[in-house]
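Engineer: Under the heading domain 'CHASE', TrEMBL lists A:114-326. For A:394-684, the entry in TrEMBL reads domain 'Histidine kinase'. Annotation comment: TrEMBL describes A:709-839, A:864-1000 as domain 'Response regulatory'. Marked as 4-aspartylphosphate by TrEMBL: A:D914. Feature annotation from TrEMBL assigns transmembrane segment to A:42-62, A:337-358.
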Amino acid sequence: MGLKLQQSQHQHQQQHHSVAVKVNEQTGTKRGYTFIQANRAWLPKFLLLWVMVMAFLSTWIYKKMDADIKVRRKEVLSSMCDERARMLQDQFSVSVNHVHALAILISTFHYYKNPSAIDQETFAEYTARTAFERPLLSGVAYAERVVHSERGQFERQHGWTIKTMQREPSPVRDEYAPVILSQETVSYIESLDMMSGEEDRENILRARATGKAVLTSPFRLLGSHHLGVVLTFPVYKSKLPTRPTVEERIEATAGYLGGAFDVESLVENLLGQLAGKQAILVNVYDITNSSDYLIMYGHQNQDGDLALLYESKLDFGDPFRKHTMICRYQQKAPTPWTALTTAFLFFVICLLVGYILYGAAIHIVKVEDDFHEMQELKVRAEAADVAKSQFLATVSHEIRTPMNGILGMLALLLDTDLSSTQRDYAQTAQVCGKALIALINEVLDRAKIEAGKLEMETVPFDLRSILDDVLSLFSEKSRNKGVELAVFVSDKVPEMVMGDPGRFRQIITNLVGNSVKFTERGHIFVKVHLAENTKPVVDAKVETCLNGGSDGGVPISDAHQFKTLSGYEAADERNSWDSFKHLVSYEESRYDASINMTVPGETSQSVTLMVSVEDTGIGIPLIAQDRVFMPFMQADSSTSRNYGGTGIGLSITKCLVELMGGHISFVSRPQVGSTFTFTADFGRCKKASFNDTKKSNTEDLPSSFRGLKAIVVDRKPVRAAVTRYHLKRLGILPEVSGSVMISASACGKNGSSCGSKIQPDIILVEKDLWLSGEDGGLSSRMLDWKQNGHTFKLPKMILLATNITNVELEKAKAAGFVDTVIMKPMRASMVAACLQQVLGIGNKKQVGKDAQNGSLRSLLCGKKILVVDDNMVNRRVAAGALKKFGAAVECAESGKVALKLLQIPHSFDACFMDIQMPEMDGFEATRQIRMMESQANEQMNGGGIDKGFARNGEWHVPILAMTADVIHATYDECLKCGMDGYVSKPFEEENLYQAVTKFFKV
Amino acid sequence: MDRNRLQHQAASMRRSLFDQGYLDEPFIQLEELQDDASPNFVQEIVTLFYTDSARLIQNIEHALNSRPIDFDKLDDYMHQFKGSSSSIGAKMVTNECTVFREYCSAENAEGCIRSFQQVKQDYAILRRKLEVYLQMVRQAAVSQKA
């Protein structure tokens, strides 16, 4: 244990390091943040940036859309404006053409014809009838050019004087242009001198100079308040040369045709014909004087969209005058709702998306943070757990050492002369100390299991002897309580299995200890069998008796009893006789048929055992059953008060069972009892190692009883089976009988040579059967036989009892009924001891030993043996043992000395060599000895002795290794370096005998 | 009666030595080796053990006090000591020796020292107990003869 502790400490440190490393690793992975996590501080900034970008984007979208709309608006305006301008221009030029035509008409018919073909009447009618051709002209009139010299003549001719525009007789001028012909609509201007008006005069002068239609600047027309312009056309009285000069033109001028354009109504009409006249405002300007625009149409101060203007050029055919049309929308540009809405919606959506992303990122960050925190906490918790286990292990170990000291000193103290009070104190202290040590060991185990440091050994061990040991541990307690304690191991379970005997013992001890603690009556029964044997038994009722109904004749008086070990009800029916007997009977048949029969599965490497521990104790409360295996949990708090204990045992047991590759379960009924069942995997022993190790690990069961016959008188079949099991282990052939009478009569018959199938040497009777008094006259009969000194050998009567009072014992002995009492729990070794005592073959073992001794003696007697060991004590012990068998022993304390002694020739018959020695170890020494020998042999052979002549002639001293550990590797090593075998240290006769017989033939 | 008492006492003492785990099987074998030819075999061996172990303990103590600690040497000594102890069946001492050697192989000086204290303690207890026991046996034998 100490060894493991030390290891575990060592591992603890490693574990500590590994934990630290793990922490580092985990923090390392934690640093592997996601992108989001890495930029967590930037998240709000990202959001802000996003919002800003989106705001910018939506503004841009808005502007773009707005600009589009404006452009379209402008385009619409320009196209509308151009359209209007063109139409106006067209209409205007049509009218001008007509006036032109009229001028030609006048020149043709008024001047070329003589007399004139046109008078006022004709002109008025013609113009009235062709007025539709000139829709823009309110009227036309013709004014003749009259120079001052001709004024008188002219006035006389026409009968009126030339008047000015103000309708006054015209003052004297160079030239006059009185209207002579006029359309009816403008007849009021007849006789008015056109040259008296400033505008008209300029017009006239310009017209006759250019020969083209000229326009006045706009002015208020006479007779209407509309703005208008006057168109003047020169009429020439003679044909002009192709390229006339201005003088020629003036000279040729006969008069002037004029017409007034009512621009205002003109444009009004025109616009009225077009769609969308409401939408735009049209202004027409005379821009001849670029600094002073003269309005021709439209209001100067109009409402409307002043922001957007479109200007279209108008060409009315007068190169001197320039006109323009300016259009604008009547209404201001409407708010661009579409653009606004689109941009706004876009912004809102982006904002939402941004916020959602932000929220998600924040959430991710939070979750990751939490996760990392949890991870860290987990690591810390685990570290704390490891630290706890470590602490427990260390502290337990540290406590154990001084505790051992205390216990040792107490033990020493108890050996001294003490008063009874002092002794009592010391003993109490010792008991407490032991309990403490036990507790510490449990805690240590628990800690080790938790730390995963508990390693299972794999060594061969005898399961049965371990069970016996455990039982003997509790025998005292159970006996005091009157609880029957029994163990049964199925014959199919191999004698030796590979596993961890210490841990197996611990499990059994825990379970049995628990059972003993909680059981006040009835029994505790440990049963071991192969796991595959536990098939449910269906036809349990078919078989009613054991061994062909040997108990058939006995009336079962206590029928109410359960068929369990003690007759008390057990929690798990599987252990009751009904199923148990199948196991037994199966083995029986197998046992009888052939011991060497190969059992299926024997070839497999592992064997699964099922162990059940059944008690008839207080059971486990139903509520507590699900936390039975949890550490530090007892059924309820009162349990620890009543029964003590920490409740750690079962949890350790469970861990151990699981480490053994099995599992544990239990069935428990309150006030009835509990049955714990567990399985565990063990390895099968190889035959080779089996023989080597068998004897070293187990206590020998004497073989002197082999072949004896016994009758077990017991009416409880389970208990009888247990007894049978123990007897069988001793090689005794048991029979089970239900009553003393039958068995006794069997003896009797035998005595009269009736030839019953058995002649019992021993009769084992259960105490309760004996007490039931059914033996009646039997005892006296037996006594009778004894006293009469029958010739045949009387069977020995043995009483089996769990507890027996002195009175009862005396009574039994006095009655001569029994020869001895075997106290339960039964153990093979104890039974053997009792039987030895009773049968008087107690010395038989000695005899057997002597026989072996004898053979050893005969083998070793007179032989000269060299014992090589550096250890004084070992040397002395080995020498003593060998001397005892008559050997002459010489000792050597080192390999070198041995080499010297074994220089050829020598007289030694054998050499026992320790392996581990300073300077030269056993292996090396052996190698050198063998080298020496082979050299000597070669020389001999060289000396002419035939090789096959005699083996005796060759030097080869048998060398046996002495070693404390019997590992196979060591054995191989031994053979490799030339040794002939090995014996375990300290010597065991059997082992020694086996090793020695190989060389010393008798 | 006195003889019986002495024998009984000796037997129970022996029993307790085994029960408490101080001794194990090899001691029984030693006892078996004791016969008329060598009546004081056990005593002789045990005495031998005392001398041997006293020497070894001294050696170990010395080795433990020297610096640096020569663990190989310690291991050697302890091997011998363990061999002796296991030969006479001093179970507890042997076990602690194993622990010591484990520490030794781990070169754990502190563990060695601690374990050695334990070895010494166990050894002292065993020695005292064995002395008492052998004394009793001798007395019983004497009284038997008488």
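Yeah, the Cβs are placed from backbone N, Cα and C, and that goes for glycine too.
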Engineer: Per DSSP, what is the helix/strand/coil residue tally across the domain 'Response regulatory' (A:864-1000)?
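Structural biologist: Within the domain 'Response regulatory' (A:864-1000) the tally stands at 62 helix, 24 strand, 51 coil.
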Engineer: Go through the chain and flag residues at least 6 beyond the ends of the transmembrane segment (A:337-358) whose CB is under 8 A from any CB in it; none is fine as an answer.
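Structural biologist: For the transmembrane segment (A:337-358), the far contacts come to 43-44, 46-47, 50-51, 54-55, 57-59, 61-62, 64-66, 69.
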Engineer: If I take every residue in the domain 'Response regulatory' (A:864-1000) and average their pLDDT values, what number comes out?
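Structural biologist: Value for the domain 'Response regulatory' (A:864-1000), mean pLDDT as a whole number: 76.
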Engineer: Using a 10 Å radius around its CB, how many other CB atoms surround A:D914 (4-aspartylphosphate)?
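Structural biologist: Result for A:D914 (4-aspartylphosphate): 27 neighbouring Cβ atoms inside 10 Å.
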